[in-house]
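Asks: Have a look at this one before I ask anything.
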């Protein structure tokens, strides 16, 4: 029997998750909830500037959509607690609105009858933060609300874990060179949150910004909690980002080849490895949560310490979405 999924919030991540789930056996989206009208949602599902056209058939019908012959109910309910998740026997809600980002708020989906909630954002408070294939084995099935972290944390975590496990990570700094997103202005204008830099034209500027990924990594890999800090530079590309991580290692005399070899050995469906001289457009649509770029590894001895700089690519849309769907499937499987 298929795992029944509802998507709350049919924006960039919600729609791409819908697409991704179509290719995953055993998962079925049965409902979406978004305040936008169905005709617009169907259009944006079918056509996507960065990820390309959806290959399936999409039709608006009364009360929802028909996608590849399957009916999907659509709601425009602003209060998650009033959604009919119990009547629809929803196994997992993929929470993509950005509003239900702590356990107390996400509990509204549980109260409405859903069995589990996966938040597509960093969560506040006592919520397990999962990066699939880094710490998903910490889930035991008892959790009702789980966070899928952020796209940047998903790119950072496997790299940081390898450095910590193999060479000892003392401390470090990360920078994400990040595509612009919907929380930036396309023309110079007052920003809704009063941010003077995000008020500037996203496609024309390199815009310094903050990131919580360095702090959040401690929720994923407790042994490096507090050892990293970081920032972001938003750049004029619509998707396709890069995380640079520079750390002091505990182990001495580490070489570039040793670092790259350790990363290659750790590669899996979530963590890719490449020695090709790629650029950001090459990784758009990629389903690795993080793609280690061996061509950018550098090492330096500073006093009696070893300094290493590494880099990993990620599609801040599809890479993250693929990781979310992996976590969603695992979370639901544990509940069977």
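Any Cβ shown, glycine's included, is placed from N, Cα and C.
Feature table excerpt (Swiss-Prot):
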- 151: active site, nucleophile (ACT_SITE)
- 12, 13, 34, 120, 316: NAD(+) binding site (BINDING)
- 150, 151, 152, 181, 198, 211, 212, 234: D-glyceraldehyde 3-phosphate binding site (BINDING)
- 178: site 'Activates thiol group during catalysis' (SITE)
Asks: Under DSSP, is residue 12 (NAD(+) binding site) helix, strand or coil?
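Replies: Note: residue 12 (NAD(+) binding site) is helical by DSSP.
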Asks: Here's one to test understanding: among the binding-site residues 12, 13, 34, 316, whose C-alpha is closest in space to the C-alpha of residue 152 (D-glyceraldehyde 3-phosphate binding site)?
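Replies: Its closest listed neighbour, by Cα, is 316.
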Asks: Taking just the CA atoms, what is the gap between residue 316 (NAD(+) binding site) and residue 181 (D-glyceraldehyde 3-phosphate binding site) in Å?
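Replies: Checking the Cα atoms of residue 316 (NAD(+) binding site) and residue 181 (D-glyceraldehyde 3-phosphate binding site) gives a distance of 9 Å.
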Asks: Distance between residue 211 (D-glyceraldehyde 3-phosphate binding site) and residue 178 (site 'Activates thiol group during catalysis') at the Cα atoms, whole Å?
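Replies: Rounded to the nearest whole number, the Cα-Cα distance is 10 Å.
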Asks: For residue 181 (D-glyceraldehyde 3-phosphate binding site), list the number of other Cβ atoms lying within 10 Å of its Cβ atom.
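Replies: The answer is 17 other Cβ atoms.
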Asks: Rank the recorded positions 13, 151 by the number of other Cβ atoms within 10 Å of each Cβ, and give the residue at the low end.
Replies: 13
Asks: Between residue 234 (D-glyceraldehyde 3-phosphate binding site) and residue 13 (NAD(+) binding site), find the distance joining the two CA atoms and give it rounded to the nearest Å.
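Replies: Here the two Cα atoms lie 19 Å apart.
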Asks: Between residue 12 (NAD(+) binding site) and residue 178 (site 'Activates thiol group during catalysis'), find the distance joining the two CA atoms and give it rounded to the nearest Å.
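Replies: Checking the Cα atoms of residue 12 (NAD(+) binding site) and residue 178 (site 'Activates thiol group during catalysis') gives a distance of 16 Å.
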Asks: If we check Cα distances from residue 150 (D-glyceraldehyde 3-phosphate binding site), which of the recorded positions 13, 120, 178 wins as closest?
Replies: 120
Asks: Cα distance, residue 151 (active site, nucleophile) to residue 120 (NAD(+) binding site), nearest Å?
Replies: 9
Asks: Under a three-state reading of DSSP, tell me whether residue 211 (D-glyceraldehyde 3-phosphate binding site) is helix, strand or coil.
Replies: coil
Asks: Can you tell me how many other Cβ atoms are located within 10 Å of the Cβ belonging to residue 211 (D-glyceraldehyde 3-phosphate binding site)?
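Replies: Step by step: centre on the Cβ of residue 211 (D-glyceraldehyde 3-phosphate binding site), count other Cβ atoms within 10 Å, giving 21.
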Asks: Validating a neighbour-count step here. Other CB atoms within 10 A of the CB of residue 316 (NAD(+) binding site): how many?
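Replies: The answer is 27.
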Asks: By a simple count, how many Cβ atoms lie within 10 Å of the Cβ of residue 34 (NAD(+) binding site), its own Cβ left out?
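Replies: Other Cβ atoms within 10 Å of residue 34 (NAD(+) binding site): 21.
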